[in-house]
Amino acid sequence: MLIALFALAHLPIFRKTPLSASSSPPPSVHRSPRCGKASTAYHPPPADACISITASAIDAASGMSNSAEQDKPIAANGNAAEPQEIEVIHFQAQEKQCCRVIRSNKTKVLTSGGVHTRGSSKVKLKNIVDYKWERKYYYPGHLVAVHRDGKHLAYAINVNNKATGMEGMVRVCNIATSMRALIKGMSGEVLDLQFAHTDCERILAVIDVSSLFVYKVDQIEGNLLCNLVLKVEDPIANYVPEYDMVSWCPYVCSSSATVPINDDDDENQLLIWSRSSQFQCFQVKMIVSEHGRGKIQPAALESGYLKIEEDSLITCAALSPDGTTVAAACADGLVRFYQIYLFDVRNHRCLHEWKPHDGKKVCSLFFLDNINKPVEESYWQHVITTSDANTEIKLWNCSLWKCLQTINVVASPSSLQPRNFIAGIDRSANYLVLSCLDSLAVYVMQIGSTGGADSENRSSDSEGEGCDTSKRIQNVAEFKLSSGILSFSIVNASMRRVKNSIESYYPIEEPDDFDDDSNSTSALVLHMFVVQAKSLQECQIIYQPCVAEKTERSSLNSKRSQTPEDNLLIKEEPESPNSGTVGAVQLDALFAKSAKRASTGSSSAMVAVAAAAAAAPSAILQDATKEAAKSESPQLSSAYTQQVNLMTPDAFSASGTAAAAAVFVSTSTTTSIGTDSSTTTSGQDRSIDSAVLQTIRMLATVTSKTSENPNAEVLLNLMNNTLIEDREQQKLKEKLDARKKFIAIDRNPERNVAENLASGSSSPSREVQEIMATQDDADAYEAELENLDDDDDDEEEELANSSPLPEAVDGTWPIVKLSSHSAELQNAAQIMSQAVQNTNNGNVPPTLGGGHNNNTSVGSNSNNNTATTLSTSNTSSSNNAGGTCVDSSGTGELNAKMELLIDLVKAQSKQINKLENEVNKLQKQQEAAAALHSKQDTSLEPKNLSQLAYKIEMQLSKLMEQYLKRYENEHKKKLTEFLAARESQNRELRDSVLQVLNQYVMNHFTDIIGNVLNMELQRQLLPRVNANMDQLQAQMQVEIVQKLSVFDKTVKENIAQVCKSKQFLDTFGKSVLIGVQTSLQTAFIESMSSTLIPAYEKSSQNMFKQLHDAFSVGIKDFMVQFNTYLQHMPQPQAGSGNTEEINNKLSMLKQLVESSLHKHRTELTDAMLETQREVKSLEILLARQVQETIRAELRKHMEAQNVAMRSQAATPAPPYDLRDSIKQLLMAGQINKAFHQALLANDLGLVEFTLRHTDSNQAFAPEGCRLEQKVLLSLIQQISADMTNHNELKQRYLNEALLAINMADPITREHAPKVLTELYRNCQQFIKNSPKNSQFSNVRLLMKAIITYRDQLK
């Protein structure tokens, strides 16, 4: 009762406030939106959501718009606020409120912690496919794509193939007919897939690492067929996919076009493929018409194709709906807009370039164009960009290239890891959806348009001024999930009629399911398909979005009409200045007869205001009448609507599961103010409580004697003036804060614990328990405060719309009616006390009369009827108070209480009908009496009237004080009893909760703790351990490498010192000599016996055989000649003459034999010398072979020794490189040895290497050639072996080598002819094959020199 007195003392009718002070509510007062209380740090003063009076009309009516208020900065949403302040929206983990209004241009959204174990009841999930996808935070594209019809679905899967490794596939299915098809042939993982935005055809684009596939999905004879239309192969070398994506053009033809929309338009089949630092545009229809279906290379395309290279990695790309512009965002933060022209692959132009996020990488880019229907405006006027893993969201105006709004999504302070979000937008571009794998939540942001009327209220620094319409993110909603989302695809999002229950909504699928009497309301239905770690699910999010109080109904209607599925609006009719008809009214506001929660404060607040109005002094009303008369002008006439929430008896009998739920009826009434108004509307737009209306009518009767009938109407209409209502409602709300604290005793913290232990699904028993529970939450109380203000306005509207009661004939009429009014005042006080009591008790308030009846004007009533109604209400209230505690096993008792409650409501309804009939009769009698009294002289002296009014006021005040004191004492008693009952109830509930909690902990604590520990170990401990292990491994590797390098250096130094010591060299030489001696002797003996001796024996044998043959043949010839000579010689004569002749001949024979012997001796000597020279050459060759053999053996032993020594140091032996050895020899000046080693390798590349690194002047010095003859011959042979690569260097060395040949050397004379013949043949081949070579003339000169040398060697 103290709260009621406090509220009565601060009502508007007890204060004399100037009219100018009520033109606007105080800027510090914040009204909570209909969806609930937002815990925000920034509270700009909202304008009334139902007032549509222009600023000029308000200035004319109030006359108080000063320059100080006009100069205040105004935010983009029309609110006076500091532009530098940032609005903070914090979603709590356990709160029920899911949607928050965004009022500022800079907003920070704090997400919940993501520690919940169950999802929101507003999210409906239906399992489609069970498949395990890899759980990772970022996929470059979409894992699932849905066609525009919402029936055909495609999702990517990976199959491990033993032959080819991981193979990507795409499953296409029709969820309506359960037909499926599988697409194969992708190399590696499927990176992205998208359906084209067409209605008739189903065209699917799929990309992998190096290829683009376009398939056409057809349904033929009950089978789903996927036919390949186009395959573009364009691999990039050494490319690792990071931001690969494919996107179709969301083409929408102009609304002014006369040709209907055709799915075969070229723009419908335009797609963009972005990857690495390039993106490619393909016109599929044009390419197929020119090149046919199948594989194609981009290089072969001359039209229908465009490729653009960027400077850095492309993170995202999007096509405008008109198909003429593509926007590409890069990793360096730049976004470029290109104009595309597909008939020329080299023709493209950059339209604009800008950095939307100050150089930060742009993650997503969305054009805010409704692709569901044509529009009048040009496209891509607004765009949304995101950065920082889609946590920073900016809304841009592309006409001015300025930012309209910025929203930062920040993880809650309890979160340890930053959030990585994935983003998507629906086809109407009205809803932006964000999801995070860690937070286990989905965030929906509603994007709306602000019309030209709002543009007047924008600030001068608003980025969207100058445009007729501007986009704005109006609210954000958070929905918890049981598991995170890897990828999603949105089907559509629209406002629909849904069936509502206590905690959730269900969409009405068929039109026959809906009727005006069904339990339904209008809500947003977001339909999409989501991919989770273990399944693919169909998801529906159903909720009622928040609307800021300043947002007008017209803007909401225009925004909601953008979706083609939403046809639940009534078009706005034009209003005349003096008309009182209702404007654009939403059907969800007119026919939403129920809400999901009970409100315990609306009826009680309404009764409190009505009872307070009963004590209004008439003098104050007269002052208000004079001020209202001053503001009358033709320019002031305007219509406004006021939406209120009233509690009806239907709330207690609507359904079985929610029998005691409080139900609101959203109505709209319109009042016209003007000078030409002479009559008021007699019909009522909604039902009014009889007791409240009687009290207000009594005030109207008291004040009717002081003025004429039109002035009384103006006085009553003044009560509905919104300029006064706003200020008074705000002050009343401030005073009711104390009441909020007083009612706070109704909070029961144990209820949240019980709810958390309950199942996530909705059950009838749980809903009944929540309905009949005694505690109240913060959302219901906020709704109570709103309804209190709205009911006050609506009661005054009823007073304004009702006709005034007739006056009394003489002065005794007020005295006769005084007792009746006293009884009515007593009844009003009882109702007010009962409302306060019910509010404190947390019960559903009693429903007053007239909850169902419309168009009814209730006059005065008899005391008996009023007492009967009040007794019924008290009985209902007591029954409700007795049934607040519902035991889990008391279902029968609950049903009995429900039936009793329904019976009481029926009885009350019957009594209300009777009262209405009696009121109608009384009204007719009063009208007749008024007609009779009007004929008589009704003039009363002003003095008697003022005295009468003063007496009535005094009596009413005294009676009110008496009744308030009496009911205050009763209320204290009842409150004491209630607190005792409440304490016992809390004690029982606490015991039951503890028992249930203990049992639950004993049964599930181990499993839950195990799961939580495993999850936390994987999420928290494992990454940190891995990071520390990686650091430790890196440190160990660095230390090991350092230590190994130091150890290697030390070992090398020690080995070098040991090898250089004389003792080691002596020991090593002895050991090598001992080890090699036997092998060398054996090799020497074998070489002598197998090579030298046989060759010498063979040559000697041949020589002696030739000598024997020569002597034998010579002697035989001599004997033959000698015999012949003897035969021809004459017979010897006797005497001395013959003897002398014989002696002469013998002497001649002797000389001849001696000469022959001398000749043969000379030849034999020459042969022996030749043999000796050959033996010497063989000795030289043998000695060299023995030296090489010894060196090879020594080298092998040295290498074996080095390997053994290095193996002890645990380091690998360095590879032996001939080029390094040759370089060392050349640097040491051992040119012959270097060439010898290079020629022994039989590697022409090594020979060329030696030629390049040797100075020819040093090798062929003037004092003599430093190369041996065998080295020269080998060099000539190997250089001439490959004349195809002959060059100047080789030619120079050939010339020098030929000049250095020593013809006297036996080795040269033996082998030079063969080498020169081969060189001559190769030169001939070179001249034949390369006649135009630069070395042609030099080779010819070389050939002449070869001929000269060959002649010398012959």
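Residue positions begin at 1 at the first shown residue.
Glycine is treated like the rest: Cβ placed from N, Cα and C.
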Residues flagged as region 'Disordered' in Swiss-Prot, choosing from 18-38, 459-479, 501-521, 1131-1151: 18-38
Selected residue, Swiss-Prot feature phosphothreonine, from candidates THR17, THR1211: THR1211
Phosphothreonine per Swiss-Prot (candidates: THR563, THR648): THR563
Region 'Disordered' per Swiss-Prot - which of 260-283, 788-811: 788-811
Range annotated as coiled coil in Swiss-Prot, from 109-138, 649-678, 709-738, 1159-1188: 1159-1188
Per DSSP, three-state class assigned to THR1317 (phosphothreonine): helix
Contact set, same chain, for the coiled coil (1159-1188): CB under 8 Å, 6 or more residues outside the stretch: 1080, 1083-1084, 1087-1088, 1091-1092, 1095-1096, 1099-1100, 1103, 1106-1107, 1110-1111, 1114, 1306-1307, 1310
CB within-chain contacts under 8 A for THR1317 (phosphothreonine), separation at least 6: ARG1350
Protein Cβ atoms within 10 Å of TYR1320 (phosphotyrosine), excluding its own: 18
Tally of DSSP helical, extended and coil residues in the repeat 'WD 2' (363-406): 0 helix, 22 strand, 22 coil
Rounded mean pLDDT for the residues that make up the coiled coil (893-936): 75
